[in-house]
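Participant: One structure follows; several queries about it will come next.
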Amino acid sequence: MENSEGVKIESTAVTEEPLISALDIALFVVIITVAYFWYFKRDKQSSSSEKKPYTIQPSPLSSIEQTSNSSFIKKLKSTGRSLVVFYGSQTGTAEEFAGRIAKEGARYKMKGMVADPEECDMADLVEMKEIQKSLAIFCIATYGEGDPTDNAMDFYEWLQNGDADLEGLNYAVFGLGNKTYEHYNEIAIYIDQRLEELGATRVHEIGLGDDDANIEDDFVSWKEKLWESVCSHYGIEETGEESNIRQYKLVDCSEVLPERIFSGEISRLKSYENQRFPFDVKNPYLSKIAVNRELHKSGDRSCMHIEFDIDGSKMRYDTGDHVAVYPKNSSELVDKIGELLNADLDAVFSLLNTDEESSKKHPFPCPCTYRTALTYYLDITSNPRTHIMKELIEYASDPKDQEKLKLMASSTPEGKKEFHEWILRDNRNIVHILEDLPSVKPDLDHLCELLPRLQCRYYSISSSPKVYPKSIHITAVLVNYTTPTNRVNKGVATNLLAQLIPTNDELPQPTIPIYIRRSQFRLPPKSQTPIIMIGPGTGLAPFRGFIQERDYARKEGREIGEMVLYFGCRKKDEDFIYENELQEYVANGTLTKLHLAFSRDQPEKKYVTHLLEQNADELWNIIGEKSGHLYVCGDARSMAKDVHSIIVKVVMEKGQMTNSQALNYVKKMEQQKRYSADVWS
């Protein structure tokens, strides 16, 4: 055994530092390797780029086009226009109104264009003053609970957060809203005020259209006064020219290959054959109908429980969200139009915008057949607006039919009365008009240009993704009613859904295009927070999802707060939907209390609002003493308003507040998302 000294000497000799260490060699090898691969990879890319020139792959818009198209100022200047009409639209009405204003501009020597704020750089508004006698008009809808429409969201946020100098900008605003909603025309009012704050000049006072009454009448009345103000402001006169200029021209597409023809797709050709995630308003998912069953036990009305299969779609939803369903018109109505106009519905055509600068080349996906357009793209069941009456005049060969159309298209008191009674009260659609005015034979391509787009229908989702991650449930009442002219009108979406009955597994299941729309109608973040749910009829739908989610949490061992449900229907033995489910939730403790009102099971009608008044102590205990949440779903016109009044009254009495204090308390609940409404009119 060597002594410690010898070992020490050997150790010293080993640890002497060489000129190049092993670590240096390793690092050197790594550097050489990286440099080698980098050099040859670059060389390969360089060689490849020399052999194959750079190309831009086909896409809806290249980045260069997007930059160019976003500058509406350049378009105005290059085409000699001075009028731009922006629209914030969720259902197409605001866009339609914008088009009508832009078209009328020609009568006042103001060449106009329609613009989608989502596709424009709205900061360019500061440059409007550079265009002589320029005017910007905004047709803006308020959507949901006082929200901007999807396409106006960026513009709204720009106004909120920006501080642009808009001096020299002349503007006017028309709002589209519904008085049954609390935040009536809130977005249009904000935009009107904000533009003025930023230095812009209001040429005409804001117009507020009420869709719960007669928004067409509101718009026409405002529009007439608008042009009077425009003439006064700019010192111009109306030319008096009343020409019905076509916005689109007909293109014969009989020679187009079948694979290039749209057959009902919303945006992308063959999108239903080649489905691509993500799915949205322009790219819906073709979902199979997994379940379609009747919920009513008896009676002459129908309520459907429908389950959409989303397995494998990568679609996700939250409890309280909405699902959009894309319907199609009945073949019976479509064929009727073909018969009335003696038209070949299977002819392939396209409508091309006569304005080459417009970003909207076609009114709907083209080319397609007339049958496809009338089935999937055009609304043929709603009441046509007055501008359609005006356009139909030239196609009437009978003087009596001509005079009737002229009267309804006019803004005189007699004209408005006739339009209201013959179109709105009697509930006539375009098919009924063509039937009742037999001499009116419009060109089918022109009719396709005039009719509004068929819109998707939204339904509150009546399931929880925690319990049903692979399906979406809805609860829908079948819409059928007889009009004053003894015609039977049918709901476009619900009557289609009623026909989509799943069969056995050996046959292809029925399908329908859908997508998910996010909602602010949400359960409290904490499962322990107590909640009150008020949902008569199909207003129960989102609460079924709420209860499922809380039941899921309870089964996981988590603590859940009180859940109180107010539900009402006509008769217990007829239309008490999901009765067994609700009773089971009461039995297992998930649903703390179930207050039921059957309006026609006793001599005096009884509604959920009556029960709410009777349970004032329970109501205040949850929303006042325990800071719980309150939810309302259903009819906005009466039920939701009555509930709001009762809540204020209870807060006054039980909270010992004045009326003003109670209103502020309820307002604060809404701001804190403790009072939420998912309502419709």
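Glycine too: its Cβ is placed from the backbone N, Cα and C atoms.
Please treat TrEMBL annotations as automatic predictions, because they have not gone through curation.
Annotated transmembrane segment per TrEMBL: 20-39, in sequence order. Look at TrEMBL and you will find 83-227 tagged as domain 'Flavodoxin-like'. Positions annotated as FMN binding site by TrEMBL: 89-94, 141-144, 176-185, Asp211. Annotation comment: TrEMBL describes 282-524 as domain 'FAD-binding FR-type'. Taken from TrEMBL, the feature NADP(+) binding site applies to Arg301, Thr538, Ser599, Arg600, Lys605, Lys606, Tyr607, Val608, Thr609, Asp642. The annotation FAD binding site is assigned in TrEMBL to Arg457, Tyr458, Tyr459, Ser460, Thr475, Ala476, Val477, Tyr481, Gly491, Val492, Ala493, Thr494, Trp680.
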Participant: Can you tell which of Ala141, Val477, Ala493 has the most other C-beta atoms within 10 Å, given these are the binding-site residues?
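Facilitator: Neighbour-count leader: Ala141.
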Participant: Based on Cα distances to Tyr181 (FMN binding site), point out the closest of the binding-site residues Arg301, Ala493, Ser599, Tyr607, Trp680.
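Facilitator: Considering only the listed binding-site residues, the nearest one is Trp680.
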Participant: For Arg301 (NADP(+) binding site), just count the other CB atoms lying within 10 A of its CB, please.
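Facilitator: I count 12 other Cβ atoms within 10 Å of it.
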Participant: By a simple count, how many Cβ atoms lie within 10 Å of the Cβ of Tyr184 (FMN binding site), its own Cβ left out?
Facilitator: 17
Participant: Among Tyr181, Tyr607, all listed as binding-site residues, which has the most CB atoms within 10 Å of its CB?
Facilitator: Tyr181
Participant: Cβ neighbours within 10 Å, counted over all protein chains: which one of the binding-site residues Tyr459, Trp680 has the most?
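Facilitator: Buried the deepest by this measure is Tyr459.
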Participant: What residues, ordered by sequence, lie under 8 A Cβ-to-Cβ from Arg457 (FAD binding site) and sit at least six positions away in the same chain?
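Facilitator: The answer is Ala324, Val325, Pro327, Val492, Ala493.
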Participant: Please report how many Å separate the Cα atom of Ser89 (FMN binding site) from that of Tyr459 (FAD binding site), as a whole number.
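Facilitator: About 19 Å separate the Cα atoms of these two residues.
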Participant: Counting other Cβ atoms within 10 Å, pick out the least crowded of the binding-site residues Asn178, Thr475, Ser599.
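Facilitator: Ranked by other Cβ atoms within 10 Å, the binding-site residues Asn178, Thr475, Ser599 bottom out at Ser599.
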Participant: Check the Cα-Cα distances from Lys605 (NADP(+) binding site) to the binding-site residues Gly92, Asn178, Tyr184, Tyr459, Thr475 and tell me which is shortest.
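Facilitator: Nearest candidate: Thr475.
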Participant: Compile a sequence-ordered list of residues in the same chain as Gly144 (FMN binding site), six or more apart from it, whose Cβ lies below 8 A from its Cβ; state 'none' when nothing qualifies.
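Facilitator: For Gly144 (FMN binding site), the qualifying residues are Gln520.
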Participant: On a C-alpha basis, identify the one among Tyr459, Thr475, Val477, Thr609 that is nearest to Asn178 (FMN binding site); the candidates are the binding-site residues.
Facilitator: Tyr459
Participant: Within 10 Å of the Cβ of Lys605 (NADP(+) binding site), how many other Cβ atoms are there?
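Facilitator: Summing over all protein chains shown, Lys605 (NADP(+) binding site) has 12 other Cβ atoms within 10 Å.
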Participant: Taking Cα atoms as reference points, rank the binding-site residues Arg301, Val477, Ser599, Thr609, Trp680 by distance from Tyr184 (FMN binding site) and give the first.
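Facilitator: Going through Arg301, Val477, Ser599, Thr609, Trp680 one by one, the Cα closest to that of Tyr184 (FMN binding site) is Trp680.
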Participant: Pop the Cα-Cα gap between Arg301 (NADP(+) binding site) and Thr475 (FAD binding site) into the table, whole Å please.
Facilitator: 14
Participant: Cβ neighbours within 10 Å, counted over all protein chains: which one of the binding-site residues Gly92, Gly491 has the most?
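Facilitator: Highest number of other Cβ atoms within 10 Å: Gly491.
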Participant: Could you tell me the C-alpha distance between Tyr459 (FAD binding site) and Gly92 (FMN binding site) in angstrom, no decimals?
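Facilitator: Approximately 19 Å lies between the Cα of Tyr459 (FAD binding site) and that of Gly92 (FMN binding site).
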